[in-house]
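Read through the structure below, which is laid out as structure tokens, and then see the notes.
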Amino acid sequence: MSSSPPLHPSTTHYEDEPQPPPPMTPLDPPDVPAILRSKRSWKRQILSLDLPRPLQIALTCFSIAISAVTANGVYCWGTYGPVVAKLLELDGTQAQTIVVGGILGVYLCAAPLGALTDKHGPRTGSLVSACLGVIGYQSFSEILRKATPDTPFVHLLLTAAYFLVGAATVGSYFAALTCASLSFPSHPTLALSLPLSLIGLSALVLSSFSSLPIFQAEGSTDLDPARFLAFLGILTPSINVFGWLCMKVIPQPELFGEIKLPEDIESRQHADDYDEGDDSDSGSDLGEMSGSIGQLLRLDERTPMLIGGIEAAWEEVEMMEQGKDSWTAKDLVLDYKGFWTFGLLLALIIGPGEMVVASVGSIITSLLPPTSLNPSSLIVNLVTTTDQSPLALRNKHVFLLSLTSTLSRLITGVLADYLAPPLTATPNPAHRRDPTQPSHLFIRKRPVRLSRSAFAAIAGSTLGLVFAWSAGYLSGKGEDLSVLSGGTGAMYGAIFTLVPAIVSHHYGPTNFGLAWGMISYFAALGSVVYSYLYAYLSVPESGNPSDQCYGPHCFKKTFVVCAISCFVGAVGVVVLGRKWKV
């Protein structure tokens with residue numbers, strides 16, 4: 001039987017003929033991050049800044065540092081405030097209203113801007129601070145250029161502008177501290193102490209630019225405040241815009257595992273959209289799917305990031321398990337024997353310090369001779385005060401206030417930890433046998449040599465002594481002024497270092513943000529009361545409030561009241577500290 005021919009003849013292959021593709025293999029998964037990067041708009045590509053980790057760490061640290069060192073512009077009032085008051089012929093009360101507006105901007109905007117930074121991250125805080133800063137500084141400068149002494153309510157317009165400057169200050173403050181805390185959680189104390197120290201020096205750094213010849217008023221050796229404030233309205237917002245671009249939180253997977261920050265969540269969401277064939281733009285709303293950085297890292301206003309670290313967190317967990325940690329805003333308001341008492345004591349001590357920080361320029365001006373004196377008298381008096389111009393003298397004491405406050409914060413923190421060492425958490429062996437027992441025991445390995453409340457009382461009493469000495473002996477001599485500015489700066493910094501630790505110890509580290517945020521409003525109250533007290537008691541001999549007051553009598557009564565206030569507050573802190581055992 002003959003075989004039938006094949007249905008298909010054999011295929012002939014030629015060398016120049018293209019070869020068939022290889023057998024199909026499973027496709028590799030798509031490079032979703034690369035696809036998403038190609039779909040991002042140019043704005044989001046700039047903001048994402050997918051840089052190598054070492055470079056991103058360097059940029060983050062640099063942006064934190066420059067944001068912190070230029071944040072505290074509201075406390076440069078001592079440099080240009082007296083010139084503003086002289087140009088617009090403001091009386092003491094009107095001039096103090098302006099600086100009080102800036103301080104209130106710092107305190108009243110702390111809660112909303114802090115919450116904004118926690119929810120949307122430090123870069124958003126920097127962007128908001130840039131917007132507030134450019135509006136505040138530039139509007140202040142423009143008002144100075146166009147206003148005259150006859151302009152109605154000019155001091156209220158300047159107060160509104162300075163309020164925005166204060167808000168910009170606290171925005172930069174929270175952005176720098178939040179980014180440092182989240183980026184370096186393994187070193188919580190160092191991550192916060194360094195930015196705080198730079199923030200303390202920021203008034204010094206910003207005021208140092210005022211000595212440049214470009215900011216000198218025409219036909220005078222003093223400052224042109226409008227030009228200087230316009231410069232600050234360019235410098236500080238530019239730095240905050242840089243922070244908006246570069247102040248990126250550095251993930252720490254070795255500490256927290258594979259944490260998904262908002263950008264990673266965005267990528268994951270778009271990966272799902274890609275699989276479903278959705279080509280939506282990467283700029284879609286991420287509010288519902290991302291949450292805040294604080295939530296992702298289990299960090300919020302109740303996190304013990306500032307005081308105590310992980311040891312305090314363990315202790316607070318034990319308290320929560322035992323039902324002892326239930327502080328809310330309502331509980332604090334109803335705690336009149338604790339919250340209200342401590343807040344008022346804080347106002348009695350911090351208020352006088354805030355008054356000097358805000359009014360140091362006016363105090364120095366009152367010790368300089370009036371321009372109506374004859375030239376020979378002017379030269380003699382200036383020699384006894386300083387060999388420098390009034391602007392240089394004001395800058396010098398702003399420098400002393402900033403430097404002594406910063407050094408005092410660092411030294412006080414080290415001394416407080418040494419004199420009053422915290423409890424050390426150790427595993428509880430009984431917890432293995434009985435799970436109802438605490439998981440950790442808290443043991444004090446070194447004795448307490450000086451409690452934090454006693455330390456704060458010593459600082460408050462020392463501040464009272466500075467005011468008492470200044471009321472009786474302060475004159476136009478340079479060393480006398482240095483005692484006031486240096487002593488006030490040092491004690492002011494020490495108290496602001498110790499008081500948060502006292503609050504954290506009593507109310508618990510996980511309640512620290514809530515408790516300290518509410519108690520800080522008492523510091524704002526003290527600032528307002530004592531600043532206006534200085535304005536009302538600083539009455540010139542002519543009796544005309546619009547005239548500049550000259551002579552020690554301008555501040556003597558205020559300093560006596562401040563000294564008594566500090567002594568009363570110090571005694572109260574000791575009594576309350578014994579009750580709180582802190």
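Each residue's number is its place along the chain shown, starting with 1.
Each Cβ is built from the backbone N, Cα and C atoms, and glycine gets one as well.
TrEMBL entries are annotated by machine, without manual review.
Small disclaimer: the values here were computed from a predicted structure and weren't measured.
The compositional bias 'Low complexity' annotation in TrEMBL covers 1-12.
Residues or ranges marked as compositional bias 'Pro residues' by TrEMBL: 19-32.
What TrEMBL records for 485-576 is domain 'NFD4 C-terminal'.
Here TrEMBL flags 1-32 as region 'Disordered'.
According to TrEMBL, the feature transmembrane segment maps to 54-75 (among others). Within the chain, the transmembrane segment (54-75) has long-range Cβ neighbours (under 8 A, six or more residues past its boundaries) at 102-103, 105-106, 126, 133, 137, 162, 165-166, 168-169, 172-173, 175-176, 179-180, 183, 194-196, 198-203, 205-206, 232, 235-236, 239-240, 242-243, 246-250, 357-358, 398, 402.
The transmembrane segment annotation in TrEMBL covers 95-117 (among others).
Feature annotation from TrEMBL assigns transmembrane segment to 124-140 (among others). When Cβ-Cβ distances below 8 Å are used as the criterion, the transmembrane segment (124-140) is approached by residues 63, 67, 73, 113, 116-117, 158, 161-169, 171-172, 174-175, 178, 229-230, 232-234, 236-238, 240-241, 243-244, 247 of the same chain, each at least six residues removed from its ends.
Long-range contacts of the transmembrane segment (160-184) within its own chain (CB-CB distance under 8 A, at least 6 residues past either end) are made by residues 57, 60, 63-64, 67-68, 70-74, 98-99, 101-107, 109-110, 113-114, 117-118, 121-123, 125-126, 128-130, 132-133, 135-137, 139-140, 143, 190-192, 194-196, 198-199, 236-237, 240, 243, 247-250, 252, 293, 297, 299, 305. If you look up TrEMBL, you'll see 160-184 (among others) marked as transmembrane segment.
Residues annotated as transmembrane segment in TrEMBL: 196-216 (among others).
Proximity of distant same-chain residues to the transmembrane segment (228-247), defined by a Cβ-Cβ separation under 8 Å and at least 6 residues beyond the stretch ends, is recorded for 46-47, 49, 59-60, 62-64, 66-67, 70-71, 73, 76, 79-80, 122-124, 126-127, 129-131, 133-134, 136-138, 140-141, 144, 168, 171-172, 175-176, 179, 206, 209-210, 215. Annotation comment: TrEMBL describes 228-247 (among others) as transmembrane segment.
Residues or ranges marked as transmembrane segment in TrEMBL: 339-368 (among others). Sequence-distant contacts of the transmembrane segment (339-368), counting only residues of its own chain at least 6 positions beyond either end whose CB sits under 8 Å from a CB of the stretch, comprise 75, 77-82, 85, 92, 95-96, 99-100, 103, 332-333, 381-382, 385, 390, 393-394, 397-398, 401, 460, 463, 467, 474-476, 481, 484-485, 488-489, 491-492, 495-496, 499, 502-503, 515, 518-519, 521-523, 525-527, 529-531, 533-534, 538, 548-552, 554-555, 558, 562, 565-566, 568-570, 572-573, 576.
The feature transmembrane segment is assigned by TrEMBL to 454-475 (among others).
Residues 200, 306-307, 342, 346, 349-350, 353-354, 356-357, 360, 363-364, 367, 385, 393, 397, 400-409, 412-413, 416, 452-453, 455-456, 459-460, 462-463, 466, 469-470, 474, 512, 515-516, 519, 577, 580, 582 of the same chain lie 6+ residues outside the transmembrane segment (481-503) yet bring a C-beta within less than 8 angstroms of a C-beta in it. Here TrEMBL flags 481-503 (among others) as transmembrane segment.
Annotated transmembrane segment per TrEMBL: 515-537 (among others), in sequence order. Beyond the transmembrane segment (515-537), the same-chain residues lying 6 or more positions past its ends with a Cβ under 8 Å from any Cβ of the stretch are 91-93, 95-96, 99-100, 103-104, 106-108, 110-111, 114, 301, 327, 329, 332-333, 339, 342-344, 346-352, 354-355, 358-359, 362, 499-500, 503-504, 506-507, 555, 557-558, 561-562, 565.
Among the features that TrEMBL reports, transmembrane segment is placed at 557-577 (among others). For the transmembrane segment (557-577), same-chain residues at least 6 beyond its ends with a Cβ under 8 Å from one of its own Cβ atoms are 338, 341-342, 345-349, 351-352, 355, 451-454, 456-458, 460-461, 463-465, 467-468, 470-471, 474, 502, 530, 533-534, 537-538.
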For the domain 'NFD4 C-terminal' (485-576), residues assigned helix / strand / coil by DSSP: 76 helix, 0 strand, 16 coil
Same-chain residues near the transmembrane segment (95-117), Cβ under 8 Å, at least 6 residues beyond its ends: 74, 77, 81-82, 84-85, 124-125, 128-129, 155-156, 158-160, 162-167, 169-171, 174-175, 178, 301, 354, 358-359, 362, 513, 517, 520-521, 523-524, 527-528, 531-532, 534-535
PLDDT averaged over every residue in the domain 'NFD4 C-terminal' (485-576): 85
